[in-house]
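I have placed the structure first, in the form of structure tokens, so that the comments after it can refer back to it.
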């Protein structure tokens, strides 16, 4: 017999502030309770404008560096996956996010501050229920030597492998079930990671201005710049965090065995679209990157 899952929102509003990883500016993010069936909705404040951008697959507009949603024009909110990983872990289905920048703050580079913030606000269980996504046949997406598979399972679990051209990141893998407790202790604290040469190249273009050892694991050609890691395999754990956050865009709890190799945001969202197409029987609108710059000169100056 399938366990009934109730929709959830937060009990009280909570404000989180942090640095935008690209702008280097302080970003304010406010989370508010919402009625059942509201879903997850961002309100982007730009001057006197208040722009509504729902969290849904049809609103994903770019996956090149992070997962970005938009309203169909130039308005968008990027780097939503760390927040959504925490939201999904705690079972939040209905919440309003007010934000004063085009990017969710990077915080410490993980989902932990969002998880702690939501827990501090309290969680309210709603009367309404929500049906989890389950599949009866394998679903997969492939891009060259990269792939992402979802197999039928009564629980959520993952087997993830990464293989970068780096002595510390060759063949790093991790397998685990993903219940709330395991996600909270073993996955959500894992920080984003990057290579020093890539960070320097981005900063030369006026991007990644908020990136630092305070919010990322940074790798040199032969080691880590950071004094210590939270886990020996923190990098692959963070990729699992990203995957959970990206699939949370589906807007429903999900179950299955996820098997990933060298995947990323684009494959994550492609799999989510395949899953929802099978579950609903409807073909979802294909997202199209408008190739909007991460920041315009005007936004970067704010």
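Backbone N, Cα and C atoms are what each Cβ position is placed from, and that goes for glycine too.
Going by what Swiss-Prot states, the Zn(2+) site holds 238, 242, and the candidate of 22, 32, 59, 82 recorded there is 82.
Using the Cβ center of 82, 238, 242 for Zn(2+), the list of other same-chain residues with Cβ within 8 Å runs, in sequence order, 81, 85, 110, 111, 190, 192, 239, 240, 241, 245. Cα spacing between residue 238 (Zn(2+) binding site) and residue 265 (active site, proton donor): 12 Å, rounded to the nearest whole number. In sequence order, 63, 64, 65, 66, 67, 81, 242, 246 are the residues of the chain that are 6 or more apart from residue 265 (active site, proton donor) and have a CB within less than 8 Å of its CB.
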